[in-house]
Amino acid sequence: MTHNIHDNISQWMKSNEETPIVMSSRIRLARNLENHVHPLMYATENDGFRVINEVQDALPNFELMRLDQMDQQSKMKMVAKHLISPELIKQPAAAVLVNDDESLSVMINEEDHIRIQAMGTDTTLQALYNQASSIDDELDRSLDISYDEQLGYLTTCPTNIGTGMRASVMLHLPGLSIMKRMTRIAQTINRFGYTIRGIYGEGSQVYGHTYQVSNQLTLGKSELEIIETLTEVVNQIIHEEKQIRQKLDTYNQLETQDRVFRSLGILQNCRMITMEEASYRLSEVKLGIDLNYIELQNFKFNELMVAIQSPFLLDEEDDKSVKEKRADILREHIK
């Protein structure tokens, strides 16, 4: 069976050329409505559905997906595509609004009433902020958004009060991971109000040496200041990753090549493989491509990291396990 991984990928994720380190960027704005209790305090589901209806009416050009009308697998696919958070699934009255290419999504009734997301692979944080801000303006025209003149936007979590903005950049950092530098980097940037998390944010697991770098606090800084400082932090991490890769290539070339080609051999020949192992093998092959050790036709690290996740492997009506199907996809697309 041929597996068309493009069918499982949001349009914004598809790219002809992948960069060595930056995978994607995201801007998220948290907003709440006046005269409504916060989602975690709803007395009944109807409280949540009223908010869903109000937000949907304010954004008529977006497609509404109510989570109570979806099965668990469909919800998990949306998590894998970063359209919703794992936390949204836990809410009894939750929904998401998405645009055509799924680069913009509006989560309704997560921790806050509204969470606007703008995502892109080759788009600057400033451009993504402009897109998210445009949606925010559209909502503000018809909804009463909670705002305090001194504090800024009022949110459920105190760390989001102020701009209500979280800016984040997804980075592929195999060099720093292999050399065990990530703990030091995380401690350093934490002192400046920034954090490093797993692929799906707070509390999530790290897969394939992939990390999300984002701001922690939003109070007392403008959106532009947050974006500028995060960009500086990300650029410094990228600089260190490049230095480590150069050292691996110069002083540990044989060991690094052995690591790369072992992973390539496993991916091209495996018959069963877990998500965790597959992600790290893919990461090492990507490192080998970036260091010009190997050349593969149409190798798409970002797309494969989504396509091999369990929710996308449960559709096919056969008796194969998820591990077998994952191995089939990898052998088919890594040649």
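Every residue, even glycine, has its Cβ placed from backbone N, Cα and C.
Listed in Swiss-Prot:
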| type | residues | note |
| --- | --- | --- |
| DOMAIN | 21-244 | domain 'Phosphagen kinase C-terminal' |
| BINDING | 24-28, His82, Arg115, 166-170, 197-202 | ATP binding site |
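This view paints the features noted in Swiss-Prot onto the structure.
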residue : record           : contacts (Cβ under 8 Å, 6+ apart)
Ser24   : ATP binding site : Met13, His82, Met119, Gly120, Thr121, Val169, Met170, Asn302
Ile27   : ATP binding site : Gln117, Ala118, Leu125, Leu128, Tyr129, Gln131, Ala132, Met165, Arg166, Ala167
Arg115  : ATP binding site : Arg28, Leu29, Ala30, Arg31, Ser85, Val106, Met107
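Arg197 (ATP binding site) counts 17 other C-beta atoms within 10 Å of its own C-beta, drawing on all protein chains shown. Over the domain 'Phosphagen kinase C-terminal' (21-244) the predicted model carries a mean pLDDT of 94. Residue density at Ser168 (ATP binding site): 23 other Cβ atoms are found within 10 A of its Cβ, drawing on all protein chains shown.
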